[in-house]
Each structure stands twice: as structure tokens, then as C-alpha cells.
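Participant: Annotations per Swiss-Prot:
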REGION    1-47  region 'Disordered'
COMPBIAS  30-45  compositional bias 'Basic and acidic residues'
TRANSMEM  91-111  transmembrane segment
TRANSMEM  128-148  transmembrane segment
TRANSMEM  164-184  transmembrane segment
DOMAIN    228-404  domain 'Phosphatase tensin-type'
ACT_SITE  Cys338  active site
DOMAIN    411-540  domain 'C2 tensin-type'
Amino acid sequence: MNESPDPTDLAGVIIELGPNDSPQTSEFKGATEEAPAKESPHTSEFKGAARVSPISESVLARLSKFEVEDAENVASYDSKIKKIVHSIVSSFAFGLFGVFLVLLDVTLILADLIFTDSKLYIPLEYRSISLAIALFFLMDVLLRVFVERRQQYFSDLFNILDTAIIVILLLVDVVYIFFDIKLLRNIPRWTHLLRLLRLIILLRIFHLFHQKRQLEKLIRRRVSENKRRYTRDGFDLDLTYVTERIIAMSFPSSGRQSFYRNPIKEVVRFLDKKHRNHYRVYNLCSERAYDPKHFHNRVVRIMIDDHNVPTLHQMVVFTKEVNEWMAQDLENIVAIHCKGGTDRTGTMVCAFLIASEICSTAKESLYYFGERRTDKTHSEKFQGVKTPSQKRYVAYFAQVKHLYNWNLPPRRILFIKHFIIYSIPRYVRDLKIQIEMEKKVVFSTISLGKCSVLDNITTDKILIDVFDGLPLYDDVKVQFFYSNLPTYYDNCSFYFWLHTSFIENNRLYLPKNELDNLHKQKARRIYPSDFAVEILFGEKMTSSDVVAGSD
């Protein structure tokens with residue numbers, strides 16, 4: 001079994017906690033590696049706390065089972081020659097060239113019809129070009145049959161029709177080249193045949209439509225990169241069976257977006273054919289939707305912003321709801337999607353893998369999802385959960401399942417006393433921090449009188465004292481803005497999510513690779529390797545503040 005393509009992405013969640021361990025310990029693994037001791041005085045408390053556990057045999061066995069099935073699906077590419085041919089016929093350039101040839105062929109035929117009516121004839125060279133184009137597409141069909149196998153290729157009705165049209169048009173071109181059409185027109189019984197030939201020529205328009213369809217498939221494959229696709233039984237969808245009953249896929253689209261994403265009609269056809277009356281679709285996008293009637297009103301929408309996390313409450317409700325749906329019938333399945341079908345989808349799928357005890361730890365679930373979603377036959381690029389906060393929330397949910405019996409933890413109300421930013425670049429100016437809770441901005445450093453900033457030049461460290469004892473609880477988002485640094489997702493320099501119930505010792509330390517946006521390759525050149533953010537909290541201890549977690 002190959003390792004996950006991007007193991008560093010799992011750094012924040014590979015700690016397996018025992019019943020007596022703190023649920024927050026996993027968040028500090030990176031601190032022991034990244035932060036200098038003199039800059040993070042509490043780091044030493046967490047050294048040695050991390051215990052890396054191997055992936056369980058049951059998870060590896062489940063992955064191996066899927067690998068055998070996937071190997072059967074790609075058995076047609078088992079030789080070097082077939083791999084080379086497949087890479088050629090499935091390339092974007094090859095598909096674009098095919099569309100160009102069809103347009104050229106249609107142009108020649110229209111010219112032929114116009115000049116024929118004028119008692120003139122297209123030169124033999126032009127007709128030879130048309131014949132060469134027909135031979136090219138015949139070769140294209142033969143190569144695709146060679147790669148995909150005859151039974152699979154001709155399981156698609158459009159492929160059957162296109163092949164028939166190519167053969168007919170090839171015969172028409174042969175007739176035009178090797179017979180004297182002018183002589184045949186003087187024979188009355190051939191008149192109707194010639195008219196029929198002209199009509200058959202117009203079938204090239206259908207061939208153009210089919211080539212456009214092939215080009216759309218190539219564009220969708222390019223957009224989905226090396227995400228594992230479903231390419232059986234005439235389907236070609238950005239869709240992966242994570243387990244036999246859990247499907248992860250990209251957004252079912254219509255209109256122009258269906259040109260490069262899963263067409264919603266094809267997704268409906270797939271689910272109705274494979275799991276009729278036994279599927280439920282979960283749309284995790286807050287930014288886009290579709291008419292649930294497409295899926296017979298079996299759609300549940302969970303509002304999660306792109307590149308952000310679900311609330312812990314949403315994760316608990318989702319996993320319990322899916323578990324109940326699965327228990328109703330052994331044939332019931334769920335199809336889960338966001339926009340691309342990796343980060344938000346992966347976060348929720350990983351939560352259910354833990355809830356259903358397919359995986360026992362956050363590390364296992366993240367590894368498992370990444371292995372299933374990534375098609376390594378095309379590229380080693382990791383297609384699992386990559387955003388640090390999303391991985392952090394999978395780790396939170398693992399504690400919810402194991403330490404809190406699948407219920408929300410008791411609510412902790414905290415307030416921020418200090419922000420400490422380590423190894424800040426010297427050219428950085430105009431720092432702004434913004435805190436959101438329950439979709440509302442509850443704090444901003446731009447407000448006068450709420451904080452003071454101390455810039456320590458000798459240690460490249462910024463200390464921000466917060467005067468406003470604003471109570472924070474449950475899911476909290478912290479954003480950082482620099483006026484002279486690039487902005488990425490969420491229109492900020494970087495950000496992260498935390499849940500107050502999992503903060504230990506009133507301290508949270510996050511190195512660069514656990515800050516959202518800064519985990520991206522393009523941000524690594526700007527921020528030093530030991531860049532980090534630390535937050536020191538105080539706690540509200542009054543009886544009115546200590547309340548149970550929301551349900």
C-alpha cells in the first residue's frame with residue numbers, strides 16, 4: 001500500500017488520544033517542531049505527547065478490496081502500448097483537433113453542395129481531404145475500442161451511432177472520389193440515390209455534436225484532475241465510491257457549468273440506475289444550489305462556506321442522520337458533494353467514517369478518504385482534505401465520538417487575552433484581526449480602544465493585548481489581514497477555526513502549516529518556516545456562563 005501523497009497534510013491530526021488524554025493535545029504537535037522554545041514558553045509541555053498510531057489492518061484491508069475492483073476497471077490499460085494510446089486519445093489536444101476536423105469537413109461538404117448546384121464540382125484534392133478526415137475518425141474509433149474494450153465502448157448508444165455515421169460517411173467519400181458523379185446523374189435511377197447521399201452527408205453535424213461531447217468529457221477530466229472517476233456502464237463522472245454506501249462527487253451542474261463539471265442529468269441517471277429509491281443527496285455548498293426535484297426531492301442541504309468548516313453541531317447532526325438513513329435499509333446510500341468534492345465533502349465523510357467505526361481515528365479517516373478520492377494511475381497529487389481547519393475539525397469530531405459518546409461537549413466560554421504572532425516578516429504593515437462567531441463579526445482590532453499592539457523588533461514578534469473581554473464559545477473563526485501581503489481564500493492573508501471546548505490550558509498554538517491559506521505552496525515563499533500564531537485565553541467562570549452545549 002502506498003502512502004498518502006501528501007503526508008504532511010496530516011500533521012495536525014495524527015495523534016490518537018487515550019481516554020485520559022486531552023482532546024486538544026493534537027493541535028500542538030506542530031508546535032513542538034516549529035516554534036523555538038524561547039518564543040513559545042508553553043511548548044515544552046507538549047513534547048512527547050504525540051503518539052503516532054499506524055493505520056489499522058481493517059482500514060488497509062478495505063482499501064485493498066477497492067483497489068482490486070478498480071484494477072479490474074482499468075484492466076484495459078494493462079500494457080504499455082494501451083497506456084500510450086489511452087494518453088493520446090484522452091488528451092485535450094486530440095479532442096480539440098477532432099472538433100476542428102469536423103468543422104473543416106462540414107465546410108467542405110457545404111461548399112460541395114453549393115458548387116454542385118452551380119454545375120461545378122469540388123476538385124479531387126478537396127474530396128481527398130474529406131476522405132482523410134473520415135479515415136482519421138475511423139482510426140479514432142478503432143483506438144478507443146482497443147483501449148476501452150469493445151463491450152464497454154459500445155455500451156454507450158452515442159458511440160454506436162457515431163461509429164455507424166463514420167462508416168457511412170467513409171463510404172460516401174469513396175463513392176464521390178472513385179465514381180464519376182456527373183455521369184451517374186445522367187442515369188435516372190441514380191437520381192434518388194444521389195439526393196440520399198447528400199442527406200447522409202448532413203449526418204456529419206451529428207458527428208460534430210458527438211465530438212463536442214467527447215471534448216466536454218476531456219475538459220471535465222482536466223478540471224477534476226486526478227480525482228477518482230466512475231467510468232463504467234457508459235458513465236464518466238467525477239464520482240467516487242468511498243465505501244459501498246458512501247459516494248463523494250463534485251457539484252451536479254447545469255447550463256454552462258455542466259461543460260466542465262458533472263452534468264446533473266447524468267448524475268440523476270446514474271443514481272436512478274444504480275440506487276433507485278435508495279439514495280439521498282447531501283449538498284454542502286452554501287454558495288450554490290439546484291432544484292431538489294431533480295433527485296426526487298431527496299436532497300438535504302447543509303450550508304458550509306467554501307474552504308471553511310462545518311460547525312461541530314452540523315457534524316453531529318449529519319452523522320446521526322446518515323446513520324439512521326443507512327439503518328433503514330441495507331441498500332440505502334448517500335451521495336455527498338460540495339463544489340469540487342474534496343475538502344468540505346471529505347470533512348463530512350471522514351466524520352461519518354469515524355461515527356460508523358469504519359475508522360477509529362482522525363488520521364485513519366483522512367488517510368482513507370484521500371486514498372479513495374485520489375486516482376494515482378494519473379497523478380500522485382493528493383485529492384483528500386487539505387485545509388488545516390477542516391482536518392482539525394475531523395480531529396474534534398473523533399473526540400466527540402470517543403470521549404463524549406457522540407454528543408456535543410460541554411460549552412466553554414472563553415475570552416482572548418493576548419495574540420502572539422511569531423517570526424512576522426519585517427515588511428508587513430497594517431495588521432488587522434477579525435473574529436467571527438455564528439456568522440457575525442464580534443471583534444476587530446480596527447476598533448479603537450479594544451487592544452494595544454507591541455511590536456518587538458529584536459524577536460520579530462508581535463504581542464496584541466485585548467482589552468475587551470468578549471465571551472467566545474463553540475465555533476470561532478479568526479482572520480488576519482495585512483495590507484501589503486497577498487490575500488487568498490476568504491479575502492484575507494490567513495485564517496483558522498477553533499472550537500472553545502477543545503482548548504486546553506487556555507492556550508492555542510498554531511504553526512504555519514496549521515493556518516488556512518498558509519498551507520498552500522504559493523504562500524510558503526512569503527512567510528518564514530517558523531511563522532506561528534498563539535492565542536492566550538481567559539475563562540468565564542460565573543454560574544450563568546457555564547452552560548451546556550447547544551443542541
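Using the three backbone atoms N, Cα and C, a Cβ is placed for every residue, glycine included.
Map these features onto the structure and tell me what's around them.
Facilitator: Long-range contacts of the transmembrane segment (128-148) within the same chain, counting only residues at least 6 positions beyond its ends with a Cβ under 8 Å from a Cβ of the stretch, are 76-77, 82, 85-86, 88-89, 98, 101-102, 104-105, 108-109, 154, 159, 162-163, 166-167, 169-170, 173-174, 176-177, 207.
In sequence order, Ser250, Phe251, Asn283, Leu284, Cys285, Ile304, Asp306, Arg344, Thr345 make up the list of same-chain residues 6 or more apart from Cys338 (active site) whose Cβ falls under 8 Å from its Cβ. Secondary structure at Cys338 (active site), as computed by DSSP, is coil.
Regional average pLDDT for the domain 'C2 tensin-type' (411-540) in the model is 85.
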Participant: Using DSSP, what's the helix, strand and coil tally for the domain 'C2 tensin-type' (411-540)?
Facilitator: 12 helix, 63 strand, 55 coil
